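Student: One structure is given below, represented as structure tokens, and several questions about it will come after.
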Amino acid sequence: MTVNTKTYSERAETHASPVAQRLFRLMESKKTNLCASIDVDTTKEFLELIDKLGPYVCLIKTHIDIINDFSYESTIEPLLGLSRKHQFMIFEDRKFADIGNTVKKQYIGGVYKISSWADITNAHGVTGNGVVEGLKQGAKETTTNQEPRGLLMLAELSSVGSLAYGEYSQKTVEIAKSDKEFVVGFIAQRDMGGQEEGFDWLIMTPGVGLDDKGDGLGQQYRTVDEVVSTGTDIIIVGRGLFGKGRDPDIEGKRYRDAGWNAYLKKTGQL
């Protein structure tokens with residue numbers, strides 16, 4: 001049996017990462033593989049949208065540095081409260097891309113203190129294996145076994161003209177192999193392999209839409225069925241959930257159901 005056709009529960013039983021285990025179990029219990037990307041610039045709108053979308057998602061993806069009125073007390077503490085209320089995990093889309101010592105400091109310190117609240121973050125492979133080791137050290141120094149952290153590598157992007165493909169993507173996969181427990185998977189457009197070597201990588205895919213094919217700014221959208229059939233585990237949706245004229249409650253249900261049905265089809269449960 002390939003990873004592609006195993007259920008989330010089955011994958012949770014054998015996965016090397018506590019973060020991935022928790023996420024798979026959460027997805028199965030909530031019956032959702034939807035990640036909501038909340039890119040807004042005020043704390044009020046950020047928290048209001050998350051409260052509306054929380055029941056439908058397994059993961060909330062943040063770009064915390066675009067919030068103009070950010071503070072740990074008024075932004076992060078309520079975010080953590082909502083994650084407990086609605087039972088979702090948090091993914092800070094930081095895209096680290098520097099030497100190990102620098103990314104460690106960026107991860108644990110500064111204004112945002114990402115390691116203290118984000119279950120998952122991500123990194124480019126351009127600087128080599130050191131980015132993984134630096135972030136892992138930061139996680140170890142600032143968290144406990146009760147709050148494990150995980151890393152996604154950026155193997156492929158959904159934007160027009162992206163340089164993240166081909167040899168770059170393959171080298172990024174090799175970097176991911178350096179740490180089976182901390183690196184939980186990839187931001188990618190398809191399955192990235194690894195099963196024959198004992199890896200079970202989570203694939204999270206942005207650029208998923210049920211209606212639009214692009215946004216005029218380089219984003220390309222693929223359908224839910226299309227991405228899940230080629231290996232996606234979690235669909236990442238942003239403006240499709242709350243853009244102009246869209247009701248987050250209606251769209252949250254719509255994307256949750258579309259993603260879950262695609263998963264059931266892929267695993268032979270539907």
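Using N, Cα and C of the backbone, Cβ positions are placed for all residues, glycine too.
The structure displayed is predicted, hence computed values, not measured ones.
These came from Swiss-Prot, pasted as-is:
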type	residues	note
BINDING	Asp39, 61-63, 93-102, Tyr221, Arg239	substrate binding site
ACT_SITE	Lys95	active site, proton donor
Student: Across all protein chains in the structure, which of the binding-site residues Ala97, Ile99 has the highest Cβ count within 10 Å?
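Tutor: Checking each of Ala97, Ile99, the winner is Ala97.
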Student: Give the number of CB atoms, excluding that of Asp39 (substrate binding site) itself, located within 10 Å of its CB.
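Tutor: The Cβ of Asp39 (substrate binding site) has 15 Cβ neighbours within 10 Å.
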Student: Just to confirm: which same-chain residues, 6+ apart in sequence, have a Cβ under 8 Å from the Cβ of Thr62 (substrate binding site)?
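Tutor: The list for Thr62 (substrate binding site) reads Ile38, Phe46, Leu79, Ile90, Phe91, Glu92, Asp93, Ala118, given in order along the sequence.
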